[in-house]
Amino acid sequence: MKSTFGLLALAAAAKLVSAHATVHAVWINDVDQGAGNSADGYIRSPPNNSPITDVTSTDMTCNVNGKNPVAKTLSVKAGDKVTFEWHHDTRSDSDDIIASSHMGPVMVYMAPTEKGTAGNGWVKIAEEGYSNGKWAVANLIANRGKHSITVPDVPAGEYLLRPEIIALHEGNRQGGAQFYMECVQVKVTSAGTKTLPAGVSIPGAYKATDPGVLFDMYNSFTSYPIPGPAVWDGSSSGSSGSSGSSPATTTAPAVSVTAAPTKEAPVDTSATPTTFVTATKPATTAAPAAPSASSGSNSGSDSCNSGSASGSVKIYGQCGGQNYSGPTSCEAGLICKEWNPYYHQCVSA
């Protein structure tokens, strides 16, 4: 019996590892800049796709090895559209980007290269959380791993762009949230006049007990408080201190599409990337209480639970689990997947 349990645990652990993600490439004004996740690329990439779970670790800045510059730096101008492309394994049509259980917010920070490398001066320039019953990560998966920002009108110089995912599938326990991030090296060539605010320190922007970090996505909720500072409005230079769970609404500058010379790499371009134009922090609601027993490893098994509740659950909605009393039937084309004993989710068949 112990042997069987051990094998199941190893299988679950292997599945979790395969579900992780890193940034593989960047597009500028819809032009592919080629793979950037190597020592001779433009992304300060970690040695593997494992998440950071300790919010006090210096690896929170740019991930493991993130203090080490890489060979290339991308040239951008104010108003350029920069698209980040995430994958869990390869830049292929078959890549699943990240596990559909790893729901959570997607954010982007920016800092001058020297300050950012030291963990200081980080300004949030985009965010997407939970809206209309759908997580930002769900949109990321649907868009084949792509999400976009607009380069603000900052002074010329070298900067780091820091895209980030927070996966909350284990966020119902302290230290369970998984952080994925890399730093992309860019050089702004336009002479902007909007100096970045002082920004926040990373590590330091998040606490393990922040409502958007310690968050139980397995119980009923209607909104989600995106952690960290408010999104910079692109013009003010005031404090960018941590806003925690306070509501804030900001609008990013409009996108100006101007082609940049580059070498294109073959990659699927059929999906339209998500562009963060308006980033909204909804009013805070208290995070639901975590289950009395800690959730187990991701089993990934299909669930055929039945219950008395009626109605069909939409994609990525909960459809089962211990102490769950809601609808258990998924909409057509979906199956009810058991991620752990406490949470079953409707996903594509």
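Each Cβ is built from the backbone N, Cα and C atoms, and glycine gets one as well.
Per Swiss-Prot, the features are as follows:
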BINDING   His20, His102, Tyr180  Cu(2+) binding site
COMPBIAS  234-262  compositional bias 'Low complexity'
COMPBIAS  269-304  compositional bias 'Low complexity'
DISULFID  Cys62-Cys183  disulfide bond
DISULFID  Cys319-Cys336  disulfide bond
DISULFID  Cys330-Cys346  disulfide bond
CARBOHYD  Asn323  N-linked glycosylation site
REGION    233-304  region 'Disordered'
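Mapped onto this structure are the features recorded in Swiss-Prot.
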residue	record	DSSP (3 states)
His20	Cu(2+) binding site	coil
Cys62	disulfide bond	coil
His102	Cu(2+) binding site	coil
Tyr180	Cu(2+) binding site	strand
Cys319	disulfide bond	strand
Cys330	disulfide bond	strand
Cys336	disulfide bond	strand
Cys346	disulfide bond	strand
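Listed in sequence order, the residues of the same chain lying 6 or more apart from Cys62 (disulfide bond) and placing their CB within less than 8 Å of its CB are Arg44, Gly116, Thr117, Leu160, Arg162, Met181, Glu182, Cys183. Other than His20, His102, Tyr180, the residues of this chain whose Cβ falls within 8 Å of the Cβ centroid of the Cu(2+) site are, in sequence order, Ala19, Ala21, Asn49, Pro51, His88, Ile98, Ala99, Ile165, Ala167, Gln178.
Around the Cβ of Cys319 (disulfide bond), a 10 Å sphere holds 28 further Cβ atoms from the protein chains shown.
When the C-alpha distances from Cys336 (disulfide bond) to the binding-site residues His20, His102, Tyr180 are tabulated, the minimum falls on His102. Taking Cys330 (disulfide bond) as the reference point, the recorded positions whose C-alpha atoms are within 10 Å of its C-alpha, out of His20, His102, Tyr180, Cys319, are Cys319. In this structure the alpha carbons, written CA, of Cys319 (disulfide bond) and Tyr180 (Cu(2+) binding site) are 27 Å apart.
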